[in-house]
Structures are given as structure tokens and as C-alpha cells.
């Protein structure tokens, strides 16, 4: 099993969520996060003064999937989150050793 973590633009969340759900990947965790990368910060104005905001609001989507589903999940996220501009995000794939359903204590791939 693998955990897929995708950091994407907030405005792309709904379309990515729908595409994943339509493909059968309904279990996910979504968090509001802030970060920076190549895109750097942005300049905002407040009461006539300019401020550099160096941490940009993003959304993190986390899914645990079967290893054979990882490439499909990555393709779905990329196809639906891409704008072609810096700041589109990153995807991380992390090994998962164990999954346990809290309610029943069942374990393994079947609890996904």
C-alpha cells in the first residue's frame, strides 16, 4: 500500500476530488496548508502598503491506495490540477506498512 500526498492549488480541489471519486477513490483526507517552492511569494497590498507573503495557501490531499493504483491516482491528479504555471504543486508517494480500521480492528488492503 502507498500513501499519495498531493499539494495543489485550492481552486483545483473540487475538480480533483470529483475526478478521484469518479474513478473510485472516495476515501481521502483534505487539509488547508501553506507552503512555498519555485513560485516563491506574492506581493499583497493592505492599507496602501505592500507586504510580501512568502507562504502561499495550498490544499493537501492524502489517499492510501493499493500499489497498483498509484500511477492512475497520480495521472488523475496531474490531469485535473495542472495549470502549466509554477505553483501547480507536488505529489509524494510514501510506503504504508499497516492500515487498521478503528471500528472493527480489521487490517490490510481490504480496509481501504
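Start at 1 and count along the chain as shown; that gives each residue its number.
The backbone N, Cα and C atoms fix where each Cβ goes, and this holds for glycine too.
The shown structure was predicted, so the numbers you read here are calculated from the model rather than taken from an experiment.
Features as listed in Swiss-Prot:
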type	residues	note
BINDING	29, 37, 38, 39, 64, 87, 88, 89, 90	ADP binding site
BINDING	29, 37, 38, 39, 64, 87, 88, 89, 90	ATP binding site
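When the binding-site residues 38, 64 are compared by the number of other CB atoms within 10 angstroms of each CB, 38 has the fewest. The secondary structure of residue 29 (ADP binding site), as reduced to three states from DSSP, is extended strand.
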